[in-house]
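Peer 1: Take a look at this one; I'll ask things after.
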Amino acid sequence: MRLSKGFSATDCHLTPCDNFPCKNQERCENIGSGRNCNCKEGYTGKDCEKTPCSGSPCNNGGFCSIQNLLKQKTCNITPCLKDWIFYIATFSCYWIDIRKANWSSANEICQSKRPSFVYIQTLDEIKWLEHINEDVWVGGREINNQYRWHSIEYNYTIHNLSYSWTPNEPGEFNRDYCVQLWKRNESFLLDITACYYEKRFICKTTNIPGF
């Protein structure tokens with residue numbers, strides 16, 4: 001049986017909309033052999049992938065959030081201290097240091113600012129940090145034959161984020177190895193390397209003034 005363009009499966013029963021191609025819960029409509037995503041106001045792109053917050057529309061350090069009911073953007077003043085960056089998905093503030101230090105020194109610097117060495121909770125958080133164009137230290141280190149986040153806010157093993165590791169990592173457990181975000185092509189992955197290397201690093205806190 002010859003399939004029409006855009007259709008699949010042996011009986012041509014799968015349409016272009018059956019794989020739910022439209023983003024942000026927008027509705028897909030089959031049109032002939034193709035499809036169309038019906039984007040609500042403020043959402044654009046072939047798959048409605050561009051949201052009202054795409055392109056960082058807020059000025060003066062404000063962060064953009066989308067009201068779930070109306071799907072409209074709201075600009076809010078960042079709750080973080082000066083030079084810190086707010087990420088609404090984790091409701092945390094991040095300090096991305098321009099200096100380079102070994103892992104232990106970076107950990108001391110983060111503690112001196114009274115947050116923690118950054119700990120990663122989701123793959124989206126890694127993707128959000130991908131604008132950094134080089135490898136950076138994060139707060140993971142080998143402790144008792146497992147890699148754990150070295151944070152008073154989040155002291156858990158990193159194994160539950162196995163999808164975020166570089167393939168075949170962590171390959172060995174060594175107290176002299178620490179965890180970095182390794183820049184691979186345009187993406188970040190968790191990776192282990194010797195703690196004495198000097199790299200940029202990230203601090204993080206959920207202790208936000210006024211909240």
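Cβ from N, Cα, C; glycine included.
Nobody curates TrEMBL annotations by hand; they come from automatic prediction.
The following feature annotations were taken from TrEMBL:
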type	residues	note
DOMAIN	13-49	domain 'EGF-like'
DISULFID	Cys39-Cys48	disulfide bond
DOMAIN	93-204	domain 'C-type lectin'
Peer 1: Sorted by position, what residues of the same chain at least six away from Cys39 (disulfide bond) have a C-beta under 8 A from it?
Peer 2: Cys22, Glu26, Gly45, Cys48
Peer 1: With DSSP helix as H/G/I and strand as E/B, how many residues of the domain 'EGF-like' (13-49) fall in helix, strand and coil?
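Peer 2: Once the DSSP states are binned, the domain 'EGF-like' (13-49) shows 0 helix, 12 strand, 25 coil.
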Peer 1: What is the three-state DSSP composition of the domain 'C-type lectin' (93-204), stated as helix, strand and coil residue counts?
Peer 2: 25 helix, 41 strand, 46 coil
